[in-house]
Structure formats: C-alpha cells, structure tokens
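Have a look at this one.
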C-alpha cells in the first residue's frame, strides 16, 4: 500500500464520498427546488463501473477504508447494484454506504446488501407526510418509510436518517423525531442548512444553528459519543432510554474542518478537496486502464497538498457548489 493520504495540516483521509450521478427525481427546496436540469458538463456520461472500480482501488491503496456512494440519487443508475459489487471487490474498503432519498429502498435494499452494501443514509426532512411532500416535491413519504423498514428486514442493524435543519420548517419538531427513534436503532442526523450558490435566499430565511438542538439534548441528558477515524462529521449523542441516536452536523461551528477525514470525487471523475472548494482535479484520463493506477495515486496525493485548512462559508464563499447534487453533498 502507498502511504496514507495526509494533507499539510496533518489530517488523514480514510473516507471517500463518490458521486455516481447528479440526476435526482426529487425536488427538495434546499437542493433542487426547480428539479434536475442536465448540465452540459455531463454530456460525456457519468463514471462507468470499471472507472469506479479503478478510482476506489486507488483510494484504497492510499488508505481509504470507507466509500459512500452519493448523487444526485444513486439508485437511479440501473447498474447501481453492480457498482456496489465493484467497490466490494476490494478487501481494504471495510464500509460501503449509500446516501439515498429512499425512493427504491423497499424494492432493492435486499439486493444492495447482498452485493456488499454495509450502511444506509436516508434523507427524511419531516415525519409529516404533507410537509414531506412540500419539501421534496414528491408524495413518497409512506414509500420511504416502508423502505426504512425493509432495510431493517434485510439485515441492517442501524439506519442513518439525514434531516436538514430548517427554521420554521422542522426545527421545532424535536419531540416528534425523538419519539420516532425511541424504539428504533436509527441515527437521526440533523444537518445545518448550508448556503450554496443557488440557495442564498433560502439560507437567510431558514438557517438555524445546530447548537440550539445540542443545548437541548444535553439538557435532557443525552451523552456525546467519541468519533471513529472513518466516521463522518456528525457529533453523535446517545441516551439510555433510546434505541436510536442523534447526530448533529454543524459546518459553521468553529473547528469543524479540523477533523476533516474525507475527500470527494464527482460523477464525472473530478477530485474535490472540499464540498465548498473551487474547481477540482480531473482524474478521468487516468481511469481508462488498470496500468494507470500508480499515476492515478500520484495525482491524488499531489492534489492533497492544495487542500485548504478550512472552508470559507463564514465569508459567504460557497465555492463551486451551486447545489448539493453537484458533487454529492
């Protein structure tokens, strides 16, 4: 194995977020309120299964232990199960997860698990069916809930649920969410609304700090857990009376970037050092043949020298990210 990916600030990178499409069939208010619109940049197509196999093999050789498949909506790819299996071929990758809107969970989750999937994150921004419809543009609440049940039936011991925290939309519904996870092994992750190039007005209207929830959880006796090295950025809390957990993802908090352990590759093969960074490093020309792996690893390692110490969201600089479907949120 080549040396562990490490940047100029001594951060080690064990976690790859790999977008496999930017297409999504939902129209979430904070991401794609007007629905998916194809970009000219994707005309040459999304990464193939072989390209995905090669890029994940290179990252694994550089110390990556966890791969999360993102989008867009990953399950819209007809070869999604094949993609999971291709990543699973590499024993160095211990965890393969997906972030999904849950649209196809009920139908396909057992097949995904058989192919090697080890973790699931489902986006659910409200437990009220009408509000869910209003946020996502899809009347699929019951279908998504059935999908979460199907994930447990397929053998997943825990399901993570992502909820974008929005003032005057769901921030006052903590008790409803806590009741939902009291007897279910769900890690409910509240994610602070983040400003994107297309979402400034929404951000100004609905952003609320996750610290409000953290203070309330601590007041109620929830206990802060320690992070593992390949975990995502959530601060996780548990409570002896609850089967579920609460996670808080607060990108505007001081020192959020200090524990960064993840890199991103877009659905067209660009390496992004930060969700809110500029540009990206093209890897696709080195994904054509297995013989290019050494050069691919060298390019990834060299690019990491340019990773900044922090994002610049506090300065209203959202970088290249126009919406969160672009490089996988």
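Every residue gets a Cβ built from N, Cα and C, even glycine.
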Swiss-Prot has 257, 260 down as binding [4Fe-4S] cluster 2; which of 238, 274 does it also list for that site?
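The record-listed residue among the candidates is 274.
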Among 99, 100, 136, which is the one Swiss-Prot gives for the GTP site where 17, 68, 160, 262, 263, 264 also bind?
99
Spatially, which candidate from the binding-site residues 72, 257, 264, 274 is nearest to residue 31 ([4Fe-4S] cluster 1 binding site), comparing Cα atoms?
72
According to DSSP, folded down to helix, strand and coil, what is residue 28 ([4Fe-4S] cluster 1 binding site)?
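Coil, per DSSP.
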Taking only C-alpha atoms and a 10 A limit, tell me which of 17, 24, 99, 160, 257, 274 are near residue 72 (S-adenosyl-L-methionine binding site). These are the binding-site residues.
24, 99
Within 10 Å of residue 264 (GTP binding site) (Cα to Cα), which of the binding-site residues 24, 123, 274 do you find?
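Qualifying among 24, 123, 274: 274.
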Sorry to bug you, but what's the C-alpha spacing from residue 194 (S-adenosyl-L-methionine binding site) to residue 262 (GTP binding site), rounded to the closest Å?
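Residue 262 (GTP binding site) and residue 194 (S-adenosyl-L-methionine binding site) have their Cα atoms 18 Å apart.
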Spatially speaking, which of the binding-site residues 17, 99, 263 is closest to residue 257 ([4Fe-4S] cluster 2 binding site)? Use C-alpha to C-alpha, please.
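Sorting the binding-site residues by distance from residue 257 ([4Fe-4S] cluster 2 binding site), the top entry is 263.
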Let me know how many other Cβ atoms fall within 10 Å of the Cβ of residue 24 ([4Fe-4S] cluster 1 binding site).
22
